[in-house]
Amino acid sequence: MPEFLEDPSVLTKDKLKSELVANNVTLPAGEQRKDVYVQLYLQHLTARNRPPLPAGTNSKGPPDFSSDEEREPTPVLGSGAAAAGRSRAAVGRKATKKTDKPRQEDKDDLDVTELTNEDLLDQLVKYGVNPGPIVGTTRKLYEKKLLKLREQGTESRSSTPLPTISSSAENTRQNGSNDSDRYSDNEEGKKKEHKKVKSTRDIVPFSELGTTPSGGGFFQGISFPEISTRPPLGSTELQAAKKVHTSKGDLPREPLVATNLPGRGQLQKLASERNLFISCKSSHDRCLEKSSSSSSQPEHSAMLVSTAASPSLIKETTTGYYKDIVENICGREKSGIQPLCPERSHISDQSPLSSKRKALEESESSQLISPPLAQAIRDYVNSLLVQGGVGSLPGTSNSMPPLDVENIQKRIDQSKFQETEFLSPPRKVPRLSEKSVEERDSGSFVAFQNIPGSELMSSFAKTVVSHSLTTLGLEVAKQSQHDKIDASELSFPFHESILKVIEEEWQQVDRQLPSLACKYPVSSREATQILSVPKVDDEILGFISEATPLGGIQAASTESCNQQLDLALCRAYEAAASALQIATHTAFVAKAMQADISQAAQILSSDPSRTHQALGILSKTYDAASYICEAAFDEVKMAAHTMGNATVGRRYLWLKDCKINLASKNKLASTPFKGGTLFGGEVCKVIKKRGNKH
């Protein structure tokens, strides 16, 4: 029995026609494209290589091979959309009637090799897979994928599309090869693609999204030492310690306990015995600069109203937990920044709350907050009062030095507070000077000289970082002269939880990007224009299709490396786009927090009897700070994902001209990244194996 090629695309068009005629295969009328003859070859000749499977064994997938010498199919350029692939697969093929499809009860007994391309695509979609185009060079890969899914029995009946910003490659890699053609484009099916494909980047109605809060799911298994979760407003640290992390998710914060509101004379005692203000005091300098004069507050409020997102859009695109946070912020801006929360600021004296208040009052004498935290709260209150025009907290005039408002105002560019401030790009940071070529160690490693004086950390940034480190209890090395903090040591450390996130992303550098559309939604227009991976122009694809392909194994290996390089760059673009989503949402929330803290300071300084309003504002600011904290970890994850895919791209760039087989190249490219060197210790193993063969 003759052996037919598994990948007939390597044959010329005339050779394909002669092989089909020699084996009694009827050719279609007229001159057809090469893909049509490749498809006929696969259906009628390649299928003869495999003996028919006995009944009852269709659900078992083929054995997985891990040999380095196994020749892998070379992906071809194709459209990244599933519908475009569906239209191409139908070219030159007899249309399949609906009545020809197998019955529901017979689908489990079908041989995947007998399915048409369209039926195979439908089966993969039913199992929750979003495949690329199915052509001759990719069909075998998808057949194996379908067999594995049927064996696992994980068919997904869901018809709701995932709200992803762009397509990500499926984890169908074998010996390092995957469906890289999802990011490629072809000249076929361009006109039909937009009609057939329903964009997965459209805004998903809020009713179709889950309303269960995330509960800080990203923080499961991640904890900061010596930095405990701040308690709800009006509670002590010991009481809050009993409530944190008693389940997998974070418990919802309780409303404020009804108490007699203190006057100005009682404010010191209130600040020293209860944790009224949860936010770290690292933001008070920025808040002071934002509100250098109380008369400018209405202008800032109006600017914030004009730039904040509309709550109606957020209602349709955000899950319950994040919708509440962002809606509360936007609601305060729409009402002229009067952030009163009925369930928190207007407190009822119900029996459960009364019992908690009684327990709180009984424990005040023995469960006082620690002196460092009390001092931090006191300093923070002082900063708010100074900002509002009051000298300091009564009885604590010496607790902190007076703030130099003039110097702060000199550092502020007044043009930054115009209506275009929030949407304007940030100032560019000067590039660090590079060492000379002689001082570089090896490769593309770049070392940096000491930062010149003009590029040192600004006094404003130095103040914020130093203040944050002090609040978090992190020590910083100091110079002996002038008692100033050394700029080279003034930095935040890489905490073990952040390093853990980076390590997880680098362990599998080609993993699929998680969807962030529910937590950080954007409109479909912005997602298509900014966040989607750019498609290759049709003119460029036309030039590529006209080029004569070079023969030989080395040429095929180089072409595969080029496609994998393009795939890695597309993934890096997706990760960077996701980080952009997160940064955009974080900027809006942080801007609203500035206005909230500024208004709370004005309330405390002008009318202490309205302290409950300030507490309501700070309570919502706490929620916004939690949102920003979790968003920061998501942004770390996206940054690590971008670094991993950039590393994969560089690996294929260096490997494409190496004289090793394609399987070894793919294995080296997918090796877990550890930093330092591009490939790590895996290179020695491959070189030894290759040396033994020779």
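Using the three backbone atoms N, Cα and C, a Cβ is placed for every residue, glycine included.
Since we're looking at a predicted model, the values are computed, not measured.
Note on THR74, THR671: Swiss-Prot annotates phosphothreonine at THR74; no matching annotation appears for the rest, which is not proof of its absence. SER272 is the residue among SER223, SER272, SER515, SER664 that Swiss-Prot labels phosphoserine. Per Swiss-Prot, the phosphoserine annotation among the candidates SER168, SER292, SER436, SER609 falls on SER168. Of the candidates THR113, THR164, THR200, Swiss-Prot records phosphothreonine for THR164; the remaining residues carry no such annotation there, which does not rule it out for them. Within the model, the domain 'LEM' (109-153) shows a mean pLDDT value of 81, rounded to a whole number. Residues within less than 8 Å, Cβ to Cβ, of LYS656 (N6-acetyllysine) and separated from it by at least 6 positions along the same chain comprise SER557, THR558, CYS561, ASN562, LEU565, LYS665.
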